[in-house]
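Report on one structure; see the data block that follows.
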Amino acid sequence: MMGEEDATYTVDEALIKLGFGKFQAFILFYAGMGWIGEAMEMMLLSFVGPAVQSQWDLSAKKESMITSVVFVGMLIGAYSWGIVSDTYGRRQGFLFTAIVTSVAGFLSALAPNYVSLLFLRFMVGIGLGGGPVLWSWFLEFVPAPNRGTWMVIFSTFWTLGTIFEASLAWAIMPKLGWRWLLALSSLPSFILLIFYRATPESPRYLCMKGCADAAADILNKIATQNHTSLPPGHLISDSQMELEEITDPSMETAHLVSDQDQNENFGTKSGGLKAVIMLLTPNLVRSTLLLWMVFLGNAFAYYGIVLLTSELNNGNKDCKVKEVRSEHLNDDGLYKNVFISSFAEIPGLLISALIVDKLGRKLSMSSMLFTSFLFMGPLVFYQSEVLTAISLFGARVCISASFTIVYIYAPEIYPTSVRATGIGVASSVGRIGGILCPLVAVALVHGCHQTIAVLLFELVIFLSGLAVCFFPFETTGCKLSDTITDFK
């Protein structure tokens with residue numbers, strides 16, 4: 001009995017014992033609804049820009065701004081909500097993001113002019129920047145051995161969102177117009193608000209903040225709903241465990257922990273700016289800078305490919321004919337092509353699910369990026385409509401798989417105290433790619449410079465693949481850490 005009273009366990013050990021059950025299923029579907037909402041808000045950019053351009057007689061530059069301003073908002077939001085989440089809790093982070101996204105998204109449908117639409121879409125972008133908070137929140141409830149698989153499953157909600165938005169646009173846009181599409185696309189964020197009271201705080205976050213009793217209460221609820229039991233003893237944090245145990249070098253699953261535990265709560269105790277500075281400390285700086293590059297490249301390529309789907313589907317027809325055709329916004333061809341290309345997400349998810357744990361995060365990401373590079377190659381020159389569609393489909397399969405895996409890898413390299421900040425800042429950097437890609441995918445193509453546009457995408461994708469190769473370590477099968485990651 002005395003042995004059981006003196007026994008201790010960490011959140012990771014508890015989650016492994018509890019398994020993935022009914023409790024995590026609710027977390028999955030709640031966070032997944034937020035991911036569906038973000039996917040819908042991003043996919044509608046393929047339809048709203050051309051529609052507004054036609055109705056308000058906008059230039060190509062002004063049309064691209066409707067997309068770019070969303071990414072500017074996301075850049076600010078991803079940074080801000082990550083700090084809020086690490087300082088005040090995951091629940092506070094995604095509550096405010098849901099409020100901003102739902103209200104601004106609905107009001108966008110009522111925008112009376114171009115300037116007000118830009119402002120409201122900017123606010124939607126700020127709300128969408130909180131998407132990584134939901135990702136981190138779900139991740140912290142998942143047992144380590146199957147974390148990669150479950151995070152890929154979580155990514156399917158993005159795919160569902162893209163397909164649903166393409167279907168909704170096909171059904172709504174020709175008859176009711178872009179305002180109805182904006183209004184209906186805001187509904188998933190309202191659903192998050194309805195069920196918010198039922199969501200628990202992350203036990204890992206509570207434990208890191210010193211609220212071990214509150215964390216243990218949530219773990220007990222997981223045990224009850226999953227019909228399992230906690231390990232014997234009492235809950236402690238990873239840093240406490242390091243002081244009590246002698247590390248066994250023969251352990252099958254490595255701990256991503258550092259010998260320097262004095263900075264454990266640096267981010268949450270010292271404020272947002274110092275949390276960002278912590279990402280650039282010697283133990284983290286290499287991974288942080290490479291991660292920023294990969295996020296920027298993935299975002300630039302992914303959203304660029306989505307936009308190119310509506311710009312390059314006219315094959316080898318000359319540019320003048322293409323410009324005339326682009327004004328026929330109710331042409332079913334646009335909706336059909338975007339709808340079909342959305343299904344590229346499905347094989348992308350299947351591929352990432354198959355390789356993320358078997359090949360490891362690094363090899364999986366780099367292979368997908370380099371394969372996407374090959375698919376984009378033929379588009380340097382004008383191709384037939386069929387070959388253009390095949391190339392864009394294949395490139396989107398690979399880039400969506402890479403994007404899925406980098407969202408799994410990113411939270412695994414940061415300690416709990418700065419995890420949401422780390423992902424948020426990386427996501428913010430990625431939004432810079434989102435800001436720039438409309439200028440390439442829309443403005444350059446409209447200006448009859450397809451070759452230059454595609455070469456820029458090729459360069460970014462290739463450099464992103466190289467950056468992945470230089471990541472300092474592999475995280476497959478490793479436990480999440482509450483302390484500063486050790487890169488040695």
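Residue numbers in this text run from 1 along the chain shown.
Backbone N, Cα and C atoms are what each Cβ position is placed from, and that goes for glycine too.
Unlike curated entries, TrEMBL annotations are predicted automatically.
Feature annotations, courtesy of TrEMBL:
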type	residues	note
TRANSMEM	27-52	transmembrane segment
DOMAIN	27-476	domain 'Major facilitator superfamily (MFS) profile'
TRANSMEM	64-82	transmembrane segment
TRANSMEM	94-112	transmembrane segment
TRANSMEM	118-138	transmembrane segment
TRANSMEM	150-172	transmembrane segment
TRANSMEM	178-196	transmembrane segment
TRANSMEM	289-308	transmembrane segment
TRANSMEM	338-356	transmembrane segment
TRANSMEM	363-381	transmembrane segment
TRANSMEM	387-410	transmembrane segment
TRANSMEM	422-446	transmembrane segment
TRANSMEM	452-473	transmembrane segment
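Among the stretches 27-52, 118-138, 150-172, 338-356, 363-381, the one making the largest number of Cβ pairs under 8 Å with the transmembrane segment (64-82) is 118-138.
A Cβ distance under 8 Å defines the sequence-distant neighbours of the transmembrane segment (178-196), meaning residues of its chain 6+ beyond its ends; these are 30, 33-34, 36-37, 40-41, 44, 47-48, 51-52, 55, 91, 94-95, 98-99, 101-102, 105-106, 108-110, 127, 161, 165, 168-169, 172. Under the criterion of 3 or more C-beta pairs below 8 Å, with sequence separation of 6 or more, the transmembrane segment (452-473) and the transmembrane segment (289-308) qualify as touching.
Outside the transmembrane segment (94-112) by six or more residues, the chain places 34, 37-38, 41, 77, 81, 84-85, 120-121, 123-124, 126-131, 133-134, 137, 179-180, 182-183, 185-186, 189-190, 192-193, 196 with a CB less than 8 A from a CB of the stretch. Per-residue pLDDT, averaged over the domain 'Major facilitator superfamily (MFS) profile' (27-476), rounds to 78. Among the recorded stretches 150-172, 363-381, 387-410, the one sharing the largest number of Cβ pairs closer than 8 Å with the transmembrane segment (289-308) is 387-410. Outside the transmembrane segment (338-356), and at least 6 residues removed from its termini, the chain residues within Cβ reach (under 8 Å) are 43, 46-47, 148-149, 151-153, 155-156, 158-159, 162-163, 165-167, 169-170, 306, 309-310, 363-364, 367-368, 389, 392-394, 396-401, 404-405, 408, 476. Same-chain residues lying 6 or more positions outside the transmembrane segment (363-381) and placing a CB less than 8 Å from one of its CB atoms are 294, 297-298, 301, 308, 312, 351-352, 355-356, 387-388, 391-392, 394-395, 398-399, 401-402, 405-406, 409, 450-451, 454-455, 457-458, 461-462, 464-465, 468-469.
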